[in-house]
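What follows is one structure encoded as structure tokens, with my remarks underneath.
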């Protein structure tokens, strides 16, 4: 057995006893021991990025030194040991080389439970459905599909179902569609499909994350179709997570869309301010970070609805305060988080605005571009106008043409209608829609930026 690998495991096992489960999983589990650079008086570790290097060094550098100084952990160390954490070097991959398929990930993250899931009006329905599914011996709804924007807690609730099922000694498979594809290709290549089918069709709970990525892969969709049918026929619980509703997953086979809607579908809405503040307080507690009340309120008010971004903001404030040896106050928070508050929705295209509105209201883009008396379509058209006026330089006439409006004076009325609803704050649905559409625009624009930077 690899001695260096054992050393790394011993060190991390000792760290795990000293920090919170979420802190360990999110940060320390990513550390890699570097035996080649380490000496008797200094231990080197690799971390995947500079933020993680700075965070662990500032907040837990002393803890690592203490652990290494007091425990031999398979190394010949001096009494006093220094610790260095560096960014891991990038590994060049030969595109022509044979694919080395990674093992399938079916493990459930034990840090995601129902007990530490923050419940609010935005997600109460999803929470209750998930608990009922996890607690039932036979599927009350099958399948269950939860959908919504990035970072709203969908993966947390999926893992919570898995953890509860494991406590009841059920056989659980939790996998992303990407890993499902990887494992499928590996078994297909090795001609071991019987083993693949046994793995995924002989479980009590089949939990699939990022179900939207099944689309556009005919062989994978075919295999998943048969896996779904067998699980469903044998009354095995199926839970799916997606970033959009089934009918809005473009390119997904109709027969799969139909099956996704056999049971119950529920949307995870963006959190309201009260829920966001509760999330911020919980993340501070789990990460053992103390922030003043006004700083926590500032994060809840000014950082997006993405829970991971809120947690990132908390950590960023703590890291910077440690590095600067400064007290955490509102001024520090405003300075540190300035870049996180920049609105990525600026400069959106009309096409992206249309797509973001369509996904948020479970409509097709083509439906919104045609005038209709249906309330949801009429609201969608008003929202397209509102965001187009906010984020694009398009003149009124071209916007009217985009929405096939003969009277371009209607644009001002549509914009004013939405603006009034938002200012009066009498319609919580429209308020939550605004945040969801902004989040989707940020995602779409970030993808475009990443694509352009890679060209």
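Glycine residues also receive a Cβ, built from the backbone N, Cα and C atoms like all the rest.
Per Swiss-Prot, region 'Domain I, interacts with DnaA modulators' is recorded for 1-75, and the stated evidence type is sequence analysis.
The region 'Domain II' annotation in Swiss-Prot covers 75-106 and is backed by sequence analysis.
Marked as region 'Domain III, AAA+ region' by Swiss-Prot: 107-321.
Applying an 8 A CB threshold to same-chain residues 6+ apart, the list for residue 153 (ATP binding site) reads 117, 118, 123, 268, 307. Marked as ATP binding site by Swiss-Prot on the basis of sequence analysis: 151, 153, 154, 155.
Taken from Swiss-Prot, the feature region 'Domain IV, binds dsDNA' covers 322-455, and the record attributes it to sequence analysis.
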Problem - Other CB atoms within 10 A, centred on residue 151 (ATP binding site) - result: 19
Practice task
Going by DSSP, give the three-state secondary structure for residue 155 (ATP binding site).
Solution key: helix
Problem - Helix, strand and coil totals (DSSP H, G, I; E, B; other) for the region 'Domain IV, binds dsDNA' (322-455) - result: 93 helix, 0 strand, 41 coil
Completion exercise
Same chain, |i - j| six or more, Cβ under 8 Å of residue 154 (ATP binding site); the result in sequence order is 146, 147, 148, 209, 241, 268
